[in-house]
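A.B. asks: The structure under discussion is supplied below as structure tokens; questions concerning it will follow.
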């Protein structure tokens with residue numbers, strides 16, 4: 001199995017390095033990751049400037065000022081030859097649950113892999129300690145995929161509780177929960193008196209009931225949520241069409 005491995009925490013982050021070490025025990029792994037933390041970069045691409053890369057002695061590649069999506073795009077289309085069999089993103093330091101997937105560079109890297117035609121996993125740890133647990137879970141899933149490919153055409157967003165492996169209860173297939181809207185902005189002043197702003201933490205849990213990714217992780221399970229790239233709200237199409245007809249938009253300007 002050939003694996004393109006990326007993340008949004010940066011090429012030297014403990015999550016990606018722990019996972020790369022574990023994956024290399026049974027797979028051909030190419031790390032292509034940002035040279036710095038790009039958390040929250042979502043699906044952004046660098047289009048108005050060139051991208052430089054640096055290759056370390058162990059073969060890992062850092063994309064200077066690159067986003068997670070840049071890294072996967074370059075990895076698939078230029079840097080990994082032959083091309084990968086699968087794209088894996090993570091292990092993220094912190095969860096990507098519920099609405100987090102909108103902003104997550106970890107999920108975005110996997111989404112870019114899927115957009116380019118490859119199976120893809122995004123892996124996050126609900127903490128900053130037991131990366132080995134998340135790595136073991138990921139390796140188990142990838143070994144299973146080698147034996148029997150999963151042909152859903154979807155991204156698997158995997159969240160692992162920050163526990164020793166023997167305390168993980170199992171795996172649940174879940175849906176995304178939701179958070180309350182975030183509203184915190186943290187102002188500061190620089191030495192010259194100019195105001196600086198920091199984006200605050202995410203909103204608290206809103207829909208975290210049974211069946212959600214929040215609930216599974218809180219209860220000590222691994223959460224696997226299938227995600228897809230198509231954002232069309234199919235159930236709303238008829239509602240919008242009926243509304244346009246009723247208000248006359250499109251018939252009178």
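Using the three backbone atoms N, Cα and C, a Cβ is placed for every residue, glycine included.
For reference, Swiss-Prot lists these features for the protein:
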- 8, 9, 39, 92: divalent metal cation binding site (BINDING)
A.B. asks: Using a 10 Å radius around its CB, how many other CB atoms surround residue 92 (divalent metal cation binding site)?
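C.D. replies: Residue 92 (divalent metal cation binding site): 30 neighbouring Cβ atoms within 10 Å.
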A.B. asks: Neighbour count first, Cβ atoms within 10 Å, every protein chain included; then name which of 8, 9 tops the list of binding-site residues.
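C.D. replies: Max Cβ neighbours within 10 Å, all protein chains included: 8.
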A.B. asks: Other than 8, 9, 39, 92 themselves, what residues in this chain have Cβ atoms within 8 Å of the centroid of the divalent metal cation site's Cβ atoms?
C.D. replies: 7, 10, 13, 15, 37, 38, 68, 93, 94, 104, 105, 106
A.B. asks: Compile a sequence-ordered list of residues in the same chain as residue 39 (divalent metal cation binding site), six or more apart from it, whose Cβ lies below 8 A from its Cβ; state 'none' when nothing qualifies.
C.D. replies: 8, 9, 104, 105
